[in-house]
Amino acid sequence: MAAPARFRRVLLKVSGEALLGAQPFGIDEKVVDRIAGEVGQAVESGVEVALVVGGGNIFRGMTIAKAGGNRVAGDHMGMLATVMNAIGMHEALERRGISSRIFSAVPMPTICETFSQQRAERALKRGRVVLFAGGTGNPFFTTDSGAALRAAEMGCDALFKGTNVDGVYSADPKKHPDAVRFDRITHAEVLARGLQVMDAAAVALARDNHIPLIVFSIQAPNAFVEVLHGQGRATIIADE
Ligand code: UDP
């Protein structure tokens with residue numbers, strides 16, 4: 001039998017790139033289905049789960065900005081990409097019989113609900129998975145910041161950041177094989193060392209609201225559920 005979960009309510013942030021699978025662009029349905037299954041297991045173990053999916057597998061505003069284009073228009077496109085991913089994740093959850101609702105920061109009522117903290121709260125309490133789409137709804141932000149914002153608004157016990165590596169390193173482990181991995185580190189140290197784990201605005205928001213950030217590899221099957229139960233491999237970013 002699984003160990004009891006250590007958390008009552010968590011927010012899981014999955015980067016858009018994690019949905020790529022082996023593809024260079026778009027959504028690999030097998031990956032989305034696997035993540036949906038793991039979210040379902042977490043819900044079954046009694047944990048309330050909010051989910052933020054990035055959009056980097058489809059579009060990032062910086063791509064347009066770097067090519068000399070309009071950053072704001074690019075960010076609007078990026079936010080729409082996060083809605084597409086949320087719809088894909090919602091479908092995968094529903095196919096598995098896991099009830100979920102999408103709340104978008106960008107109103108688009110014919111496609112999904114507009115974000116309301118009160119309605120999201122009620123949905124989480126009823127055991128629904130709540131998908132937060134559209135990031136913060138503003139350009140010049142990222143979905144990491146959107147995730148930290150929603151984690152604070154919803155009173156989450158922790159923000160789980162599912163990424164492509166198994167924790168926080170002193171440098172990019174793919175480029176620097178001698179990079180040191182941290183088991184535990186504070187928000188302040190992450191900011192002071194400029195570690196590239198989440199953007200600084202997201203880390204600062206989590207620090208100010210005492211929200212632990214738990215960084216793990218979403219590529220490792222079952223890692224989310226294991227880490228949720230205090231097993232598996234992750235870096236914990238928390239107050240001392
Ligand atoms: N974005 C934005 N405001 C937000 C969240 C996202 O403008 O609050 C845009 C931005 O262009 C960003 C893109 O949406 O690059 C996709 O989000 P992100 O890069 O955070 O996705 P991830 O890296 O997690 O896949």
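A Cβ is built for glycine as well, from the same backbone N, Cα and C atoms used for every other residue.
Please treat TrEMBL annotations as automatic predictions, because they have not gone through curation.
The model shown is predicted, which means the values in this text are computed figures rather than measured ones.
If you look up TrEMBL, you'll see Lys13, Val14, Ser15, Gly16, Gly56, Arg60, Thr163, Asn164, Tyr169, Asp172 marked as ATP binding site. Residues annotated as UMP binding site in TrEMBL: Gly55, Asp75, Thr136, Gly137, Asn138, Pro139, Phe140, Phe141, Thr142, Thr143. Taken from TrEMBL, the feature domain 'Aspartate/glutamate/uridylate kinase' covers 9-217.
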- Cα of Thr163 (ATP binding site) to Cα of Gly55 (UMP binding site), in Å and rounded, measures 13
- Note on the structure: Rounded mean pLDDT within the domain 'Aspartate/glutamate/uridylate kinase' (9-217) lands at 96
- How big is the Cα-to-Cα gap, in Å, between Thr142 (UMP binding site) and Ser15 (ATP binding site)? 10
- Note on the structure: Here the Cα-Cα span from Ser15 (ATP binding site) to Gly55 (UMP binding site), rounded to a whole number of angstrom, reaches 7
- Message: Roughly how many Å lie between the Cα atoms of Phe140 (UMP binding site) and Gly56 (ATP binding site), rounded to a whole value?
- Response: 14
- Message: Fewest other C-beta atoms within 10 angstroms of its own C-beta: which of the binding-site residues Gly55, Gly56 fits that?
- Response: Gly56
- Task: For Asn138 (UMP binding site), write down the residues of its own chain that are at least 6 apart in sequence and whose Cβ falls under 8 Å from its Cβ; none is a fine answer.
- Result: Asp75
- Note on the structure: Checking the binding-site residues Thr136, Phe140, Thr163 for other Cβ atoms within 10 Å of each Cβ, the smallest tally belongs to Phe140
- Residues near Lys13 (ATP binding site) by Cβ (under 8 Å) yet at least 6 apart in sequence within the same chain, in sequence order, are Leu51, Val52, Val53, Gly54, Thr143, Asp144, Ala147, Leu159, Phe160, Lys161, Gly162
- Cβ neighbours of Tyr169 (ATP binding site) where a neighbour is any other Cβ within 10 Å: 19
- Can you tell me which of Gly55, Thr136, Thr142, Thr163, our binding-site residues, come within under 6 Å of ligand 1 at the Cβ? Gly55, Thr136, Thr142
- CB-centroid shell, 8 A cutoff, UMP site Gly55, Asp75, Thr136, Gly137, Asn138, Pro139, Phe140, Phe141, Thr142, Thr143, site residues removed: Gly61, Gly78, Met79, Gly135, Ser145, Gly146
